[in-house]
Amino acid sequence: MPKISVIGAGNVGATLAQRLIEKDFADVVMLDVVEGIPQGKALDISQSANVLGFSHTITGSNDYAETAGSEIVVITAGIARKPGMTREELLAINQKIMTDVVSNCLKYSPEATLVVVSNPVDTMTYLAWKLSGLPRKRVVGLSGVLDGGRLATFVARELGVKPSAVTPCVMGEHGGSMVVMPRFTLVSGKPLSELVSAEKADELAKRAVNGGAEIVAFLKTGSAFYAPSASIAAMAEAIFTGSGKVMNCAAVLDGEYGLKNIVLGVPVKLGKGGLQEIITLPLDGTENARLLASAEVVKGQIAALSL
């Protein structure tokens, strides 16, 4: 049976595993280093099969051998930045975690496509690509699907349309330097830049950029996981089914947008084996400058890795 593995059984990983098994296109293995957590959560999710009608199995495990033969491996493992911790300290810890995860995943699933979720996601996707030695098409990261979903929500509320009527375009770093592209964000086929003022577009963009932080401010002791898990599940489904769907993802660039040897959020086509095509948009001078500025932020993070 086809298989997808999720590494990490925290809020994002477990909710993702639930969404994947409910889509019912593959068996799901949820792995975590903490004994009992993935097993208990998988058992709980499995007991909804009769109610929801899915037929594939979900398994929780602490053993990477259970992930063998996965077509897709989603990596959510990593720690969040704690008070007093420098970015360099966070990167060092998450680099060690990513090194262990990539090594073990590819040991049992050498043909898998890797989908990276761990933060800072652009840098961790770059690290996974370097560690794995895989072709760039087989390593992608979550970025613009989530950021675009946030943008679409705020645009839809502003214009009184359904979120599904919005085709968002968000590029660059998954973070503070993220670049919203109003000219390429469409609402029922019309550019957002033609529907709202530049000031309103900036306001909507800022809210999308701060979407995750806004949720953290409400929750106090946690961060977003419902929208992230839905975004990852959509990426996994596009890869698994070979749909060729256009999504904004963190991808390894090799000359696109004048950038090389870096991971950055750009529009891509996802299909069998991962990245089918990077779509190069005709950016104007201002848009290109903002994208390059965002790339500099990611370059700084990559430079802090021990490679």
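From the backbone N, Cα and C atoms, a Cβ is placed for every residue, glycine too.
The annotation in Swiss-Prot ties Gly8, Ala9, Gly10, Asn11, Val12, Gly13, Asp32, Val117, Ser118, Asn119 to NAD(+), and of the candidates under consideration, Asn94, Asn210, Asn248, the one tied to the same site is Asn94.
Within 10 Å of its Cβ, the residue among the recorded positions Arg81, Arg150, His174 with the fewest other Cβ atoms is Arg81.
Sorted by the number of other CB atoms within 10 A, the binding-site residues Gly8, Gly10 start with Gly10, the lowest.
All protein chains included, Val12 (NAD(+) binding site) registers 23 other Cβ atoms within 10 Å of its own Cβ.
For Val117 (NAD(+) binding site), the nearest of the recorded positions Arg81, Arg150, His174 in terms of C-alpha separation is His174. Close to Asp32 (NAD(+) binding site) in the fold, though at least 6 residues off in sequence, lie Ile7, Gly8, Ala9, Gly10, Gly13, Pro38, Gly60, Asn62, Ala77, each with a CB less than 8 Å from its CB. A simple way to gauge crowding: the CB of Asn119 (NAD(+) binding site) has 21 other CB atoms within 10 angstroms, across all the protein chains here.
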